[in-house]
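Enquirer: Sharing a structure below in structure tokens format, with a few things to ask.
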Amino acid sequence: MSEALLNTGRQTLMLELQEASRLPERLGDDFVRAANIILHCEGKVVVSGIGKSGHIGKKIAATLASTGTPAFFVHPAEALHGDLGMIESRDVMLFISYSGGAKELDLIIPRLEDKSIALLAMTGKPTSPLGLAAKAVLDISVEREACPMHLAPTSSTVNTLMMGDALAMAVMQARGFNEEDFARSHPAGALGARLLNKVHHLMRRDDAIPQVALTASVMDAMLELSRTGLGLVAVCDAQQQVQGVFTDGDLRRWLVGGGALTTPVNEAMTTGGTTLQAQSRAIDAKEVLMKRKITAAPVVDENGKLTGAINLQDFYQAGII
């Protein structure tokens, strides 16, 4: 029994791979035409399909939308009962139907023509009514389905998904869509956290900023270290310009060397030190800390004025790893 299950599973995968391997050679003028129509679309790409084609169509619409092409899915039956009103003349419709003869098309195609809406077809029958009505046809035909009964859409749905990915990626690259663009449409994801967050989004503010004046003593700085627990204190002049930092390490070295706690902190601090810009990308700031092997740093504004503080734990808590 187990061997039979494995054999069927492997055979299914082999058949799907075999059919999918024929797709690249089919890409030609129609693929380029479809991509250009989408690229020059001033509205949205409306993806539609019935049954398994509809399920794949939802994924294709989602992929387009997340890679720079506004898109949504509409079910053909819903389209014929009011949702055609969602589609405007500046939109493009991508209709998926393996047979290319879905009965809904008899009613949808004339309405698209009335509105001068460009129709793209993804079908296994390029000479079907759908294929003949479309401005570009993407051929997803298969010699056989992977289903042992040759009935359930299997190889054909894989081909549909792959053709949709190929189209979306070609359009994405042509748009110059980059990582930051992707992050803007995925703000809650790990990539969004890495690329969209700025230092000022994560930094500690107000009373949570460890700081003392240049005139403060080592004792004052030690108490501030203890209060904030950040591992450093920013030492600032009267204009809030950071002149140096006093760290846990500086304190240990000062005490081991016999330094007095009443000494001005500017004699014990690390002059200058690393500061981070509030408007910098958080991922870049984290890399600065990692490269310099420090765990925290003061944050300054464009004028060099102290405005916050941040440590590595703040990055990790924001999902920037």
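Backbone N, Cα and C define each Cβ position, glycine as well.
A quick note: this is a predicted structure, and the numbers were derived from the prediction, not measured.
If you look up Swiss-Prot, you'll see 34-177 marked as domain 'SIS'. Summarising the annotation, Swiss-Prot assigns ATP binding site to G49, I50, G51, K52, S53, G54 and lists sequence analysis as the type of evidence. Residues or ranges marked as site 'Catalytically relevant' in Swiss-Prot: K52, E104, E145, H186. Per Swiss-Prot, the feature Zn(2+) binding site maps to H75.
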Enquirer: Select the most exposed residue of G49, G51, where exposure means the fewest other Cβ atoms within 10 Å, treating these as the binding-site residues.
Expert: G51
Enquirer: Report the nearest neighbour of G54 (ATP binding site) in space among the recorded positions H75, E104, E145, H186, comparing Cα positions.
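Expert: Comparing Cα positions, the closest of these recorded positions turns out to be H75.
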Enquirer: Of the binding-site residues I50, G51, S53, which sits closest to E104 (site 'Catalytically relevant') by Cα distance?
Expert: I50
Enquirer: So for E145 (site 'Catalytically relevant'), how many other CB atoms are inside 10 Å of its CB?
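Expert: E145 (site 'Catalytically relevant') is surrounded by 21 other Cβ atoms within 10 Å.
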Enquirer: Just checking: which of H75, E145, H186 have a Cα that is within 10 Å of the Cα of I50 (ATP binding site), counting only these recorded positions?
Expert: H75
Enquirer: Nearest to E145 (site 'Catalytically relevant') in three-dimensional space, by Cα, is which of the binding-site residues G49, G51, K52, H75?
Expert: K52
Enquirer: Tell me the Cβ contacts of H186 (site 'Catalytically relevant') under 8 Å, same chain only and six or more apart in sequence, or just say none.
Expert: S66, G192
Enquirer: Give me the non-local Cβ neighbours of K52 (ATP binding site): same chain, 6+ apart in sequence, Cβ-Cβ under 8 Å, ordered along the sequence.
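Expert: Within the chain, K52 (ATP binding site) has Cβ neighbours under 8 Å at P153, T157.
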Enquirer: Excluding near sequence neighbours, so keeping only residues 6 or more apart in the same chain, what lies with its CB under 8 A of S53 (ATP binding site)?
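Expert: Non-local contacts for S53 (ATP binding site): I96, S97, Y98, M122, P153, T157, T160.
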